[in-house]
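Participant: The structure's right below; bear with me while I get my questions together.
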Amino acid sequence: MKKALWVIKIGGNVIDNPNQLALFLHDFAQLEGGKILIHGGGKIATQMAAQLGIETQMVNGRRITDGEMLNVVTMVYGGLVNKNIVARLQANGVNAIGMTGADANAIKAVKRPVKEVDFGFVGDLKEDSVNQEILSKLIESGLIPVFSALTHNGHGQLLNTNADTIASALAVGLSSIYETKLIYCFEKNGVLKDVNNDNSVIQNINPSFFEELTKEGIIADGMLPKLQNAFDAISKGVKEVYIGNAAKLSDIHQGDNFGTCLSLN
Ligand SMILES: Nc1ncnc2c1ncn2[C@@H]1O[C@H](COP(=O)(O)OP(=O)(O)O)[C@@H](O)[C@H]1O
Ligand SMILES: CC(=O)N[C@@H](CCC(=O)OP(=O)(O)O)C(=O)O
């Protein structure tokens, strides 16, 4: 029987809130078994870029990343955010190790081809992007990898890669070794019928319902790529995918109490 592995993504709005982040990291530390954390930080990168006089442009939930913006996201995701999270996890008794895709050649990406939009230094992931061997070695040695939203192309180029996509690729890539459970944590209670009403959680979503909700405009903005990545993971062998509130991570063992559950049927 395969061992269980939690693959947990924490969103940018929680990272930007010190109290919520502290609570989440405390609960993450209590989760038993193998685990990986993936963090975003898009909101902080946008703020930092603005302070440097660099304008942010997002298309379909992805950041246009020219050379200057790549420098900003490398400093923010790979430095400021990643190292703070690692230090706080260490303080919670978790032997965390900060990672980008370049470290230990953990995740290789290809620069997104230029079509209607030139995204610049943005990386797309492929089926074989995740280095299962090195990651399972890290995990089996008792380390807890903490990934930022950066990958590399194997030729010296760092690439900015959506953190939801990295989480999905890690869950898929490691599913041949572990029974992976992918959990997207953010500041709301789940996928909501009314984005302003945290009591309107939709408990189950399958692909046809997803299509319906998208057409009706109920699912929009950053929730769109999150759900696309979530369904991609399930269709490629990830057993469980949930989207819910970072503050309720300790409920995850009783699946039904945690946000929105995604399934193929
Ligand atoms: N139906 C929905 N339910 C919940 N959030 C939604 C929905 N539609 C759009 N959103 C928006 O999507 C955001 C989450 O996406 P994003 O900001 O990219 O999060 P993260 O940083 O966690 O990946 C929420 O903060 C919310 O504003
Ligand atoms: C290519 C691309 O868009 N990368 C994302 C990576 C960060 C991220 O995903 O952060 P959140 O999870 O906080 O949104 C970005 O730069 O915004």
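The backbone N, Cα and C atoms fix where each Cβ goes, glycine too.
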Participant: Which of ASN153, ASN160, ASN189 does TrEMBL put in the same substrate site as GLY41, GLY42, ARG63?
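Facilitator: Substrate site check in TrEMBL: besides GLY41, GLY42, ARG63, the record includes ASN160 out of ASN153, ASN160, ASN189.
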Participant: Rank the recorded positions LYS9, ARG63 by the number of other Cβ atoms within 10 Å of each Cβ and report the first-ranked residue.
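Facilitator: Selected residue: LYS9.
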Participant: Which residues in the same chain, at least 6 apart in sequence, have a Cβ under 8 Å from the Cβ of ASN160 (substrate binding site)?
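Facilitator: Result: ARG63, THR65, MET69, LEU70, VAL73, TYR77, PHE121, VAL122, GLY123, ALA149, LEU150.
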Participant: Where LYS9 (site 'Transition state stabilizer') and LYS226 (site 'Transition state stabilizer') are concerned, what is their Cα separation in Å, rounded?
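Facilitator: About 10 Å separate the Cα atoms of these two residues.
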Participant: Where GLY42 (substrate binding site) and LYS226 (site 'Transition state stabilizer') are concerned, what is their Cα separation in Å, rounded?
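Facilitator: Approximately 14 Å lies between the Cα of GLY42 (substrate binding site) and that of LYS226 (site 'Transition state stabilizer').
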Participant: When you measure from the Cβ of GLY42 (substrate binding site), how many other Cβ atoms are you left with inside 10 Å?
Facilitator: 25
Participant: Note the Cβ centroid of GLY41, GLY42, ARG63, ASN160, the recorded substrate site, then list each other residue of that chain whose Cβ lies within 8 Å of it, in sequence.
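Facilitator: Not counting the recorded site residues, we get GLY12, GLY40, ALA45, THR46, THR65, VAL73, VAL76, TYR77, ALA149, ASN162, ALA163.
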